[in-house]
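Visitor: Starting off with a structure, shown below.
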Amino acid sequence: MADRIHWTVGLAQTLFDKPLLELLFEAQTVHRQHFDPRQVQVSTLLSIKTGACPEDCKYCPQSSRYKTGLESERLMQVEQVLESARKAKANGSTRFCMGAAWKNPHERDMPYLQQMVQGVKAMGMETCMTLGTLDGTQAERLADAGLDYYNHNLDTSPEFYGNIITTRSYQERLDTLGKVRGAGIKVCSGGIVGLGETVRDRAGLLVQLANLPTPPESVPINMLVKVKGTPLADNEDVDPFDFIRTIAVARIMMPASYVRLSAGREQMNEQTQAMCFMAGANSIFYGCKLLTTPNPEEDKDLQLFRKLGLNPQQTETEHGDNQQQQALAAQLMQADTAEFYNAAL
């Protein structure tokens, strides 16, 4: 195996500065060395506890500090979550992600969270959670329940971070990633484009991720979804080519990681999404309401997959069950996303 590159902001900036077509060619070349370029990993994300978050993340409609019209909801019952997971599997998802608007989970919540993980795993799906800061014991308990992935985004560069969030330090985020990794859970961590950051900040974010002791297995790259009532509601739109560049640089810097198109995909036309796949994106959230922002409808995703000749990735599970992939490919069912919260409605 080749020696791992220790990335600097300068090196990452050099990639961002490349002519776009050269950058895309390099990213696609790297992508093909590590992945089947036609395969796309498909996940569904459910908000299991919505709103009333004490954090002050300026982009987030779930913060209790902003008036966005979002109605807070308590932690969902375990069976409600499992029913949503069944629908997600039937409609093609191979990974089920559960998100809660907390600074950190409380002890009283842990037994329910463990039951959710165990129940989804029993269906033969991969599991992911995003619950805020974890301590070592909580990470171990989730690992023992069978949690495959834990999402905890760094959001932006260390230098720009304080302009966006003041209630949780950058180091706290890094510490949580370390505890998750130490418990044997795979790491999902990325950031957001469009917060008002510079290209150097985007480079700095990717450097932080790529230089972790083990890079994240999954790197979600979000485009800011501007929600009325949040401090960033009037931010300038992200140039699609700038977003595509970020995807490409992420692919080159973290060649073995899944690079996921996450929030903001509903704002992208088919051509932008196609160029993101060309740049090395190989994971999406499909057929869901992405926490408190909308996501494209399932049939649009399927149509785009067909146009581009892409296939949803088969995931080998403990039951060897790839029935969900077949259902997605054949579009046998129409999704029912009533359980997935959408603050845009």
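Yeah, the Cβs are placed from backbone N, Cα and C, and that goes for glycine too.
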Visitor: Figure out which of Cys60, Cys128 sits with Cys97, Cys188, Arg260 in the [2Fe-2S] cluster site per Swiss-Prot.
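Guide: Site partner of Cys97, Cys188, Arg260 for [2Fe-2S] cluster, according to Swiss-Prot: Cys128.
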Visitor: Please list, in sequence order, the residues in the chain of Cys188 ([2Fe-2S] cluster binding site) that are at least six apart in sequence and whose C-beta is under 8 Å away from its C-beta.
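Guide: Correct list: Cys128, Thr130, Tyr149, Tyr150, Asn151, His152, Pro216, Glu217, Ser218, Val219, Pro220.
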Visitor: Secondary structure at Arg260 ([2Fe-2S] cluster binding site) (DSSP, helix/strand/coil)?
Guide: strand
Visitor: Suppose we draw a 10 Å sphere around the Cβ of Cys57 ([4Fe-4S] cluster binding site). How many other Cβ atoms does it contain, all chains included?
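Guide: Cys57 ([4Fe-4S] cluster binding site): 23 neighbouring Cβ atoms within 10 Å.
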Visitor: Check Cys60 ([4Fe-4S] cluster binding site) against DSSP and tell me helix, strand or coil, would you?
Guide: coil
Visitor: Per residue, counting other C-beta atoms within 10 angstroms of the C-beta, which of the binding-site residues Cys53, Cys97 reaches the highest number?
Guide: Cys97
Visitor: I want the residues beyond Cys97, Cys128, Cys188, Arg260 whose C-beta is within 8 angstroms of the mean position of the [2Fe-2S] cluster site's C-beta atoms, in chain order.
Guide: Ser43, Leu45, Arg95, Thr130, Tyr149, Asn151, Ser218, Pro220
